[in-house]
């Protein structure tokens, strides 16, 4: 009540945000009269003028950042305070330049591409510069809006990234807006799939770089795998604008970017396991009903999961034994490096949860995933954790081998690296909380240039799917007779083609736009607004295309949009609606829903079905009431909350990995920068000696009990040095013992450096560090994946799986750091170089470019499982604590003995 009163007096928060922009809008419009009088030459000179004001302060900030790492703790604190002050100065300077700079861009756009930014577009540009998401309705010119903040932020010279959903849009937007930037003296590049590294680097060196979220993310991962700093293509993460931000940061958030390499795995096994599925009996899970003891597995459609029952586990074991695939006492066994029960589970999922023509297509003998949000084919993307192989076995096509993860990052953590991030979309308000909590991005809805006059009609609810589609076909026929263009949205290829067959039978001419015919997309969409056009589209949302009305269509009422099913996300429904009534044009939209639709069946049909039965409404007669529409939206909100929890859950786990990734990549970057690593190597030798002393000369035991023989044997193993035990006979002080060993180590190191020369030694140090870090990190990623796979079971023991994951991940990372130190030392002290060309190849060579693989997430939990390239060792004894005595009887701690 109070909120409503305050809203009337003070205006809504949205209205207050817009009012704050008005002084800047007036200032920009004030500059327009001056800039319009400038000659082309004078207008172009404005860029150098702005740069002259910004660059000196930006350079000071860069210098301060470089100096901080070399200062003491107290000096660092003072330097950081100074850095913050300089950044505030720079932000204020750029803010003061904004009105004139925006006016310059507006004038340049008028002179080059014939478009002038109107006031609402200026508002959008200001919000994007401030690091906010600008929600702008479809057709409001978001591509033109982006030119304003892109130009202003490119003046610092650190590069601006404009992120789109596909290569076509990146290329189109670069070509379309390129003349504006080039007129003002800025350089523009575009990243495309399969582009070579030389051209990628050139594109990133430009002031402005267009590309897709996947390409930017994969380039970051590849940059952290190269052996030479000059092979890196990116130059930092200064400022990014993400187009269709909800699609990329929300819908794609569960899909990690993974660069992987081949791993050996038996593909024949998938075919054998696939044949077991028809022999297992399943049932749909129903709330309130206990587990059926006669079934082998339960399907939960609401959570998109499959669970084997106790009977199913035993039956699967019997079937596996009968086929000779399982040996031993239980299912926790591996065959040919593959965990069999896991793959039985994936085979059942492939058959019962993943449908052909809805979730994937089979094209040219290959299983291709269909994007559940846009209906686009996603060639090259594969489900992880053996699921894709299970689907390939189900369809009887050739099975491609699983891969091993070499580098990975989620889009959430990639985009959080940018100093400033902004986004544009037509539909973000429904996910405002998630944008704020995950990315610290606010959402501001920008008013439309012309009032929206589209009529959003209440949903029509039918009892059966059959009655619903009959009503849709009848409605399309009537609208077609009136000459109105109609866009019909469906959720799957299967539904779009069934609807197409029915319209053909009724003699209604139409075109189909789905995953099968995406090559014709531009041509189909161009005709969708013409008189009497009927277009069937699979999830039209996110296609980045504009449906323009044909001549005379406005007089007929504009484009009529029919949705044949409510999507899980309100955003997708709103995007479908938004195809009609663009830029003040007339139009209408309406959704046709049945109680048999997936969303209704799982979340919202109970009460509505009860009303229809009590009123004895015939099957072909719909309910059409705002109350029903509200009930549907509540069901969607419930699904959205669940999906948010899934994405948040994924991020919590990836944040653990992200901190470790930052440490590894930071240390790797130091190596690539070519700094003298000698002091770091000597520091590692001391750490390794300390670790050896803790095992063989523990300070808690008497010197006469020290295992000097074992210590010297290990020293020889690590450092390739021979220390006579007689030289340590009179050493009873642990510190003296340490110094004696270090003296020999440093002497051996100095001798190697004299033998090789300084240049080759520095090269050897770099190669040792890069090789050991990369090898160790790859194995660590595999171990972390294995840990994540089984960590959920800790919940049954009343332990929080996330806390357990963090604890064990920390311990594993400590072990990784120690292994890296030992590996580097062994590499340096054991490698002997007989010919210079060998080292030269090491120094100048680069690894084979690993292939990026975008692994689709499991829809049941939102967790992303990486491949299982080999089976982990299965303990057959009680797990030994890392600080417990080693069971081998050495008397040492397990972590310093057999647990190393």
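Cβ coordinates are placed from backbone N, Cα and C, and glycine is handled just like the others.
TrEMBL annotations:
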type	residues	note
BINDING	121, 139, 140, 141, 142, 143, 546	ATP binding site
DOMAIN	3-624	domain 'SecA family profile'
DOMAIN	123-281	domain 'Helicase ATP-binding'
DOMAIN	468-629	domain 'Helicase C-terminal'
REGION	858-879	region 'Disordered'
Site of maximum Cβ density within 10 Å, from binding-site residues 140, 546: 140
Cβ neighbours within 10 Å, counted over all protein chains: which one of the binding-site residues 121, 143 has the most? 121
Can you tell me how many other Cβ atoms are located within 10 Å of the Cβ belonging to residue 139 (ATP binding site)? 21
Within 8 Å of the centroid of the Cβ atoms of 121, 139, 140, 141, 142, 143, 546, which other residues of that chain place their own Cβ, given that this set defines the recorded ATP site? 136, 138, 144, 145
By a three-class reduction of DSSP, residue 139 (ATP binding site) is assigned coil
Grab the ATP binding residues from the record (121, 139, 140, 141, 142, 143, 546) and give me their largest CA-CA distance in Å. 18
Tell me, how many other CB atoms lie within 10 A of the CB of residue 142 (ATP binding site), whichever protein chain they belong to? 24
Averaging pLDDT over all residues of the domain 'SecA family profile' (3-624) gives 85
In which DSSP state, out of helix, strand and coil, do we find residue 121 (ATP binding site)? helix
Tell me, how many other CB atoms lie within 10 A of the CB of residue 141 (ATP binding site), whichever protein chain they belong to? 16
Reduce the DSSP letter at residue 546 (ATP binding site) to three states and note it down. coil
